[in-house]
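Here's the structure, in C-alpha cells; my notes come after.
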There are 2 protein chains.
Amino acid sequence: MNTKNPTALTPHNHDSCIASALEKAQQVCQRNNVRLTELRLRVLELVWRSHKPLGAYDILAVLAKEDGRNAAPPTVYRALDFLLEQGLIHRIASLNAFIGCSDPECPHQGYFLICNQCGITLELHSDKVSKSIQRAALEYDFQISHEMVEVVGVCPNCKV
Amino acid sequence: MNTKNPTALTPHNHDSCIASALEKAQQVCQRNNVRLTELRLRVLELVWRSHKPLGAYDILAVLAKEDGRNAAPPTVYRALDFLLEQGLIHRIASLNAFIGCSDPECPHQGYFLICNQCGITLELHSDKVSKSIQRAALEYDFQISHEMVEVVGVCPNCKV
DNA sequence: ACTAGTATGTTATATTATAACAATTATGTT
DNA sequence: AACATAATTGTTATAATATAACATACTAGT
C-alpha cells in the first residue's frame, strides 16, 4: 500500500479537520436533542482520525490499546449506529467499514471513491450522479429511500 | 414481505428466463475457454431461480436439501467466485448476496434497485448514471476499476 | 496409462454483527 | 438531596458471512 502521502487528497491540516468535524458533531447533536457521549465522541474521533474507512473491530482494538477500555463489540456497534443515525458517519458496504461524513449538517447520500491501492476514500458530492440515479429510478417507478454509490479504483496519488 | 406477485417486474415466464440465462452462460464459458461444471451450473441456476439476491449460506442450504450434497462453505464461495469472474452473476455488497447478471455476454457494471419490502432486485442499465459517475471520477483524477450502485427503496408492486 | 493442471472436499478458523439481559449513568421531578 | 425513569453502556453468548490450508478427485493432453 502506498501510504507515503496519505493526506494529499485533503491538503489542509488533518488535525484541524478532525477538530472541526467534532465541533460540528456537537452542534448537530445539540440541535437534534441527542447525547454525544464520551464514547460516541471518541468513536467518531477514531473514525475521523483514520485516513481510510475503519472497521468496527479496528475501533475496538484502538479502544483497548489506547484507552485501556475493554469494550465488547456491541459497545462499538451501538456507538456506530448512533453516529449513522445522526448522519455523522457513513458506512461503506463493500468494505464493512465506516468513514466520517464530510458535511453532517446537511443530510445527504454518500458517494464514494475508494482507492484499492492505499485505501483512501473520498466522499464526493455530485448533483449529476444524484439526478441521474433519481431519473433512472423514476423510469422504473421505484421510490428511493437510500442510495449507495461506491466506486473502486486508483486515486491520483497512487497512479504512477 | 410482499411476495404475492414476485415476477411482476419480469413479466415473461421465469423458467424460460432461467433456461436462457443458463444457455448464455454455457456460451460465455465456451468462449472464455473455462469450465462451467455441474456444480457451477447448479449454483448459477439457484441464483437465477431466486427472485431476490441469494446468500451463500442459502445456496448451501438448498444444495443440502434438494441435492443431498453436503457441501461446505468454500465449495459454494468458489463457485460464486468463478461465476463473478465470468460476469455471470453480480454481488450485492449491501446484502452480502448474489444475483444473476441480466446480460452476461456484454460485460458491465451492475446498478441495482433493491426493494426493502419484498426483496426483489432489479438490474438497471443506464448510460446516464454510468456517464455521470465517470465524469465525477474524472474531476477527481480518479481511475475507476469497478462501480457499485445499490439503490434501496420500494418497488412498484409494493407501493400501496 | 501418465501427468499436470483444475476442481472439489474437508477441517478449522477468521471476520463481521447482533440478541438478550445486567449494571450503570444521566435527567427531570419532588 | 432523594427518587423514579429513561437512556446508555457492560457482559456473555452466539449468529452470519467468509477464507486459509491441505487432501482428494477429476479432466485433458500426451
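Think of each number as a place in line: the chain as shown, counted from 1.
The backbone N, Cα and C atoms fix where each Cβ goes, and this holds for glycine too.
Copied over from TrEMBL:
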type    : residues                       : note
BINDING : B:C115, B:C118, B:C155, B:C158 : Zn(2+) binding site
Hey, which of our binding-site residues B:C118, B:C155, B:C158 end up with a Cβ under 8 Å from chain A?
B:C155
Taking DSSP three-state, what's B:C115 (Zn(2+) binding site) in: helix, strand or coil?
strand
Do any residues at least six apart in sequence from B:C115 (Zn(2+) binding site), in the same chain, have a Cβ closer than 8 Å to its Cβ, and if so which, in order?
B:T121, B:G153, B:V154, B:C155, B:N157, B:C158
Using a 10 Å radius on the Cβ of B:C155 (Zn(2+) binding site), the other Cβ atoms enclosed count 23
